[in-house]
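A.B. asks: Just dropping this structure here.
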Amino acid sequence: SPSTSRQQNHPPGHYGLTSPISLAPPNGKDHIHTQKLIEAMKPFGVFEDQEELYHRTTVLGKLNNLVKEWISELAESKNLPPSITEHVGGKIFTFGSYRLGVHTKGSSDIDALCVAPSHVERSDFFQSFFEKLKNQEEVKNLRAIEDAYVPVIKFEFDGIEIDLVFAKLSLPTVSDDLDLRDDSCLKSLDIRCIRSLNGSRVTDEILRLVPNLENFRLTLRAVKLWAKRRGVYSNIMGFLGGVSWAMLVARICQLYPNALASTLVNKFFLIFSKWDWPKPVLLKRLEESFLNLPVWDPRVNPSDRYHVMPIITPAYPQQNSTYNVSVSTRAVMVEEFQRGLEVTDEILKGKSDWSKLFEPLNFFQKYKHYIVLTASAFTEEHHLNWIGLVESKIRVLVGNLERNEFITIAHVQPQSFPGNEDLYKQSGYVSMWFLGLVFKKAESAVKTNVDLTHGIQSFTDTVYRQASALNILKEGMKIEATYVKRKQLHYFLPAETLQKRKKQRVSDINQNNSGLQCKRSSLGESCLDGSKATDSRTPSNSSSLNKISKLDISTAETERLILISWPNSKSQVSPTEMEATVALRTSGPPIGCTIPGYNTVCQLRTCFVQGQHKLSGTLITDPKSASPKQHYSPASKVSRLPTSAECPQKAIDGEKARKGGARPRRRLSSKELPDSSSPVPTNSIRIIKRSIKLTLNG
């Protein structure tokens, strides 16, 4: 077999930078545990059947023909000699999970590389080829991300998701037998083409550096499934992508060359839970080349010294595949490594089974504090472009937040969720991301002021400026960041998403981590829609986002949010008289980025409580900024709370019945807070400022 011959050609001691930790062969128990691991993974659809494999092969063949046709047409349009036009060629290479042989059943995408001859420019790829794809009936959800570290066109081709990158070679033609492993193919190329080529070159090199392909692939399948289930699989969000997980697994295979998958998975968690980061993970020694291209080397490159979890690609020019990882995301992953070690130790001792390893992370119960980030656009095409850009920059928000001296962890959930019906009605297409926050505990009884304004505003400004520079900023494209507590998440997500559950459908884990999108017209059970009429926790007539401003007056909370004095306000209210949940809204582009219809600025929406936690019935409004009644959505340009007249009558009647009639309002205990069936407090005030400050009690 290929794996056997590979072992014969490369003695085990020659894999990696060090000699193996163990050469012990597998025993009977190892075979049993490995078989149980395979059985535990089957329900999750990680093994693709032959029919799906054939479909992927067919799609790639069609795409390859499309590329050749486009390159030939482009040669004719540029008046190249017929002798060249007839043989210009062009070729599609695959890399990533498909090339590694670990692609999953159902929704696993294909990473592909379009290699073109010298007459094809990158602008041609993102313009004329993009238009050619757009005209194909089989192509859906087409969008281009030109400013990415590796520029890419994303689309679905006959149901198969494809991420297509581009590289042109310094050759007049590209033949079908082109071999990219030769370093000479990198000669005279720009850095973006080199990065694109490296995807294929790195994948092939990983396969060459592991002692046993079968054991490597099965272990990698298990690790990738675990990473997706535990919410740590996403390069773009600051965790690890497929190639990084593959290199970590390959390193374990080098250290235990004769071990089966069950042992390798356990050793994976053992080694990397104790790894001395930022010590780099290397599959082989760094190489030099006559091309003199920049490689990862913190001794020479100051920027490389700031990488917190370096995993270095084995193909020249060697690069760090984890440049997006932040202090927060590394901390989350190390915590998961430690849990994985504990679980697999129990499994190998016979005290547990493999299903426990793949239990999903209960992200929405893990933290007390969250930021809800929404991106909305009026049309599906605009929305796809918009969320691609927003998603690629969320790690900037994570970095901004974790640099706040009072924030310990800023943990983003990689999966996006569709907005509920209230959001869809006002904003067209909406996607939401959630970030969990951990604040440092205040020392003794001293109150600590925390300002999140700059970090969030800097992030939204970055996105808008980038969109403006790329000329994709359209009317209706908006970003909003809202702070909520855990108990308020049910206004955004359905109960089944928030509930702690150990089992999950295969279709749930096969959702695209780069964003689950549901059209307004097709919202159904498969979409995470929290505004169904059958859900008694979700209001039917007023926007759920209004409800997040309901006061949390729990005296048991150790961390309370207190509204600090607002600059230039006509009236100053003492922090002892007002406690609020504050939502920071960034509803429009910053100065310098203008599009038709945008006159909005950052808005803060607050709900006040006067005096000794009493809910006053007086409506506070600013006559100068009064506006007609309307339901709030993230797309609205004026943010306010609804009046009592706007509250659902059914909810009001239910509240009266629950309290035994229209009695005077009383102070609520921490266990008797208003729930989603309570009317929204009628106190409201609108403040349009660029400031948000939190106070953490000691």
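The backbone N, Cα and C atoms fix where each Cβ goes, and this holds for glycine too.
Just lifted these from TrEMBL, have a look:
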COMPBIAS  1-10  compositional bias 'Polar residues'
COMPBIAS  659-668  compositional bias 'Basic residues'
COMPBIAS  675-684  compositional bias 'Polar residues'
DOMAIN    16-210  domain 'Poly(A) polymerase nucleotidyltransferase'
DOMAIN    215-359  domain 'Poly(A) polymerase central'
DOMAIN    362-421  domain 'Poly(A) polymerase RNA-binding'
DOMAIN    425-503  domain 'Poly(A) polymerase RNA-binding'
REGION    1-21  region 'Disordered'
REGION    618-684  region 'Disordered'
A.B. asks: Given the model, what does the mean pLDDT over the domain 'Poly(A) polymerase central' (215-359) come out as?
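C.D. replies: PLDDT averaged over the stretch: 95.
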A.B. asks: Tally of helix, strand and coil residues over the domain 'Poly(A) polymerase RNA-binding' (425-503) according to DSSP?
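C.D. replies: So the domain 'Poly(A) polymerase RNA-binding' (425-503) is made up of 30 helix, 23 strand, 26 coil.
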A.B. asks: Please count the residues of the domain 'Poly(A) polymerase RNA-binding' (362-421) that DSSP assigns to helix (H, G, I), strand (E, B) and coil.
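C.D. replies: Grouping H, G, I as helix and E, B as strand yields 28 helix, 17 strand, 15 coil.
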